[in-house]
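Reading through the structure tokens given below for one structure.
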Amino acid sequence: ALEPTMKHSFAFDNMGYEESFETVPSPSSQEHTVAVNIVGMTCQSCVQSIEGRISKVKGIVSIKVSLEQNNAVIKYLQTEINPEQICQEIQDMGFDANIAEERLTTAAVNLSCLREAVVKLRVEGMTCQSCVTNIEGKIRKLHGVAKIKVSLGNQEAIIAYYPYIIQPDDLKSHISNLGYDCTIKSKSTPLKLGVLDLERLQNANPRETPASLESDRVDPMVTEMSSTATMAVRIEGMHCKSCVRNIEGNISDLPGIQSIKVSLEHKCAVVQYSPNLITLSALQQAIEALPPGNFKVCLLNGSEANKGTSPLPALLYDLFREPLQNMICTAVIRIDGMTCNSCVRSIEGAISQRQGVQRIAVSLAGRTGTIHYDPVITNGEELRAAIEEMGFDASVLTGNSFFSSVGSVPNGAVDQDYHVTFQTTKKLLTAEKCFLQITGMTCASCVSTIERNLQKEDGIVSVLVALMAGKAEIKYKPEFIQPLEIAQLIQNLGFEATVIEDHAETEGNVELLITGMTCASCVHNIESKLMRTNGIFYASVALATCKAHIQFDPEITGPRDIIKIIEEIGFHASVAKRVPNAHNLDHKKEIQWRKSFLCSLLFGIPVLILMIYMLIPDGEHHGSTVLEQNLIPGLSILNLLFFVLCTFVQFLGGWYFYVQAYKSLKHKTANMDVLIVLATSIAYVYSCVILMVAIIEKAEKSPVTFFDTPPMLFVFIALGRWLEHIAKSKTSEALAKLISLQATEATVVTLGPDHSIIREEQVAVELVQRGDIVKVVPGGKFPVDGKVIEGSSMADESLITGEAMPVTKKPGSTVIAGSINAHGSVLVNATHVGNDTTLAQIVKLVEEAQMSKAPIQQLADKFSGYFVPFIIIISTVTLIVWITIGFINFDVIQKYFPNQNKHVSKAELILRFAFQTSITVLSIACPCSLGLATPTAVMVGTGVAAQNGILIKGGKPLEMAHKIKTVMFDKTGTITCGVPKVMRVLLLGDTAVLSLKKVLAVVGTAEASSEHPLGVAVTKYCKEELGTESLGYCTDFQAVPGCGISCKVGGVEAVLDMAEEGLDNLDTNRSSSASHTYSVLIGNREWMRRNGLHIANDVNDAMTDHETKGQTAILVAIDGVLCGMIAIADTVKQEAALAVHTLKNMGIDVVLITGDNRKTAKAIATQVGIKKVFAEVLPSHKVAKVQELQNGRKKVAMVGDGVNDSPALARADVGIAIGTGTDVAIEAADVVLIQNDLLDVVASIHLSKRTVRRIRINLILALIYNLLGIPIAAGVFMPVGLVLQPWMGSAAMAASSVSVVLSSLQLKCYKKPDTESYEAQAQGRMKPLTPSQISVHIGMDDRRRDSSRSAPWDQISQVSLSSLTSDKLPRHNGFVEEEGDKWSLLMNGGDEEQYI
């Protein structure tokens, strides 16, 4: 029975061994972080010099210096250097330095084997992201906190902590001390446990539980006895004997500690303990937690040697007496400069002779030396110095892994030590991740250049570059390379790169809908399960909304895995669909104004009817007398009706005006709403007051009131606002349209060893994770951005890039989500998913552009800003003046009240008169028609524009267009037609054998089977030239992506006969040639070479000549003979040059901005007369360029037609879309040119000028009557006997309103200038530009690119219509491989160019 027991006992021991070695980090992996305050830095070069110098100091892992905060955050290895030495190094450079704070970064590692608890705290009072970082930063430093994530939106913090070190109440008080209100929402229950239970819980080994031990019939006594371990620990921070007594006294009381002996001289302690009862990490926590709290403990690995046999008392005595006598320490040293085995032998020979060295093993391949030595005699640093003296470069990778060689060391001890060393080395070699912001990338080849060059560097594990976002995610090994060096490498390639410090945005975010939750414990269950999952940073579940918000590391996990975890617990989860927020808001506003308009209309119509009824002159007064009869003295039926109707309008219809006016006043501005509210409220209140006075005084006749004004005004203005918001809400639909371009589902496949598909699964596109392999069938949309790993095809990326030509895709090519796969089936490795895809980035750009567009202050608003204070001042002055006059000379006022009551006091009369005049002034001066000045003109203006084929959305673009100083044109589809057209056909062969018509008939027939845009253009041209719709027949058709086509063509003669009917000479040889079949090759130079055809130099020169003009040249071979060249290009619209010239004449700068290559862009600019060109531009660059011009106080119009233009259209002051463009561009723009005519750009600016002039006239007409009325109302002409009659106020208001409406209607007479008039103006002035007059800028680069400097991408053809590269182009830099040019948009050595 004893034998099996012993066996089991040893099996258990080894288990213990392994665990202890894996969970305890070696001291060398304990990186510390220290913050150092630095005084005396003046500029960025100081920062660079400190970073450069200190990063080279031994033991420094990384350093980041901040000029703004005057500090540096430094990671260092404690075994090599201490903070004081770091400060000294900085001081030696001439700066003042002192330590700010220090913390151990590996606390989380040491605690990893202990149980975490999770608490959720509600934190109120956070206002912005800096509050979040403040809380996270402070709490994360607390001892016992493993993870913290603060959510600003949910106002809560989730903290994972170690309950035996810190309690939720402590966390709560720490957050409260930072100045926030903090309450505990929920926490894990098992917090209070007995010490013993707690230690057992901490040490529970998942692989071995006590129950399983007993079932294996292990005698508990043996287990108890055999599991005693001895451990040497290093303790820093002890000063005197009382520290020793403090540690020995407190630690020996802990359960599981059998004895502890502390040595002050050697700064270490030898502890004998039971691993069943206490773990090493718990022991470390316990010592570090002792007062005064400045002990630092390093666990010395490898010392647990005494398991399995109960050590003899004498031995223990020896052990405690000389704790360090029998310690062996291991150092792993990196040695550079070894060339062969003799170097290895010389190092081993010399070092093994040194005192204290027990053995040394040097690896030439691994460039490392592993040395076992006695730490009492020597140390790692000395050994390193000794190796350096021999002429090699040496640095200590790991040091000081102790193990005791006492008593009966099990056989495994030595191996075990190697195991530890290997583990630590491996830990050091783990990859870290950094994020860089890269500017200056213009296309896919820039991306591949960066990826390819970085991957050649030592220490770089993986590189992932996102073109649209301008970000790179790089995994690197910190021993070989640091982020700043990576940034430098990228800068050496010619791009700007900066390290992103805060990469919170790079975390994956997902919002899930979870069903099946019933109570708070379900929530806690899900949250705690998720928080314990590797790769999840934060999880917050709300029971009320059934939503979970989760942040995760996309490299480790993804939405699909998270949903699986939740479903395993027994709930159902799905991704919450995101709706663009702006969308709902706009409709809400639209509904508000519609309600306001309908309400005003409902009650306004009766008012209008009553007004007209009262105005009808009537001899017998029968009608008016009925309505003017008093119900009670002073109140007529008419006034009662007016009062009721007007009250409804004022407070129901006008409610939103009151809300807007209140908001405006709160911001201390007076806009149109304030003026409207003021005018209507005064008219309403004034009318109510005079009615009340009349009723109180029992007047015989009811007074004339202004109740009719508010309804009229509200009807008109609410209608204007409603129409404007309808137009506005359309823009937010652009986002919905953009999102709908995405595929909804993806086919995720699991691959076998040889890329064979084992399993296919259809998943929603939101659930595709980075690293998934997605299969895309012909005709399908690419669901995510990725790299092709198998298959080849052509992709139509026109939706995104705006370029009509399909792009060849083969293994290694990048694909864009939303583009369409044409021919072949491909497997794609997903690199950017969800919000990181190119399409999502464009959506984000459009969204940001719409949000950040500065609101245009409309003319009327500007006017009101001055006018409101003016009116109030006038009426106040009137009030004060009359009160003063009244008290000085009462007779003037007495005239006004001839039969006043004797009992009314003098003061009361004066005040009543003064108030009456000042309110009359207010009601007269407040011009209601001011509110109509703009909306009526805009309504008529937009109507006229629509009749002329220009759709203007709302008044703002119409008011803005006249201020435009710069117009930016997109190229493809805007300046050009966007469809390729044959420009020239050159015959090379003998025309007697192959006439032009025959060549056209053959080529047209061959290309009729091709789907390529160039093929379609050729067929269309041939049919037009031959004047026939039917062509011959084609067999054995083969299309090779990037090269060309080959086929057999027959039946051509019949076509030619039809074309030449009536000519008899063909009849004779018809029979012989009718059945002739031609073998045809059409394609680029490479295609001809592949088929063994030689291209003469003159043909090559002709092709190159066309290519420099930005055209595509293709060759035709019939029956093995080169017989023709066809030049194809995207043609410029007829009216483009005239439109550009006219705009320039109006004093407007014109710029061409395109994603196409510089050659084509320059060729097009020369034809239309644009001097400034930005080529190879991404959608984000277009937006940035618009913003740059706007920052220079210029008003910018953008004219475009593609999805890639939509962010710029939304950002520009006026976005103008071509009617034939994509839906998205049309939705994002403010103006749409329905007729696809560029001269309408000029017309819209012209019409805008007219409209604004009309609005100004309207404002003057609105004011003129009122300004005349003010002095009369104020009683200035009273001495002359001219007193304001009540009807005068109504008349002034009516007259001004009518004048404004009539004035606006005059816009109806606007006629759009026709092409002839523009041509007449430009007669003789339009001169074509020479190429030297045009400045071409690449991407966001504002420097003009010098043509002599050839950048790598100069030799690479671009994706454009006209981009078949010539083989004559100089080849260097190894960028263009011998692939020749391609049929489609060609590629450089394997990566196609994608222009967005």
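Cβ from N, Cα, C; glycine included.
As recorded in TrEMBL, the features of this protein are as follows:
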DOMAIN    32-98  domain 'HMA'
DOMAIN    117-183  domain 'HMA'
DOMAIN    229-295  domain 'HMA'
DOMAIN    329-395  domain 'HMA'
DOMAIN    432-498  domain 'HMA'
DOMAIN    508-574  domain 'HMA'
TRANSMEM  597-616  transmembrane segment
TRANSMEM  636-658  transmembrane segment
TRANSMEM  670-696  transmembrane segment
TRANSMEM  702-723  transmembrane segment
TRANSMEM  866-890  transmembrane segment
TRANSMEM  910-933  transmembrane segment
TRANSMEM  1259-1281  transmembrane segment
TRANSMEM  1287-1305  transmembrane segment
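Taken through DSSP, the domain 'HMA' (117-183) splits into 22 helix, 24 strand, 21 coil. Ranking 32-98, 117-183, 229-295, 329-395, 432-498 by CB pairs under 8 A with the domain 'HMA' (508-574) puts 117-183 at the top.
If you count C-beta pairs under 8 angstroms between the domain 'HMA' (32-98) and each of 117-183, 229-295, 329-395, 432-498, the highest count goes to 432-498. Taking Cβ pairs closer than 8 Å, the transmembrane segment (670-696) reaches residues 632-635, 639, 642-643, 646-647, 650, 654, 657-658, 660-661, 664, 702-703, 705-707, 709-710, 713-714, 717, 858, 860-861, 864-865, 867-869, 871, 919-920, 922-923, 926-928, 930-931, 934 in its own chain, all 6 or more past its ends. Averaged across the domain 'HMA' (229-295), pLDDT for the predicted model comes to 81.
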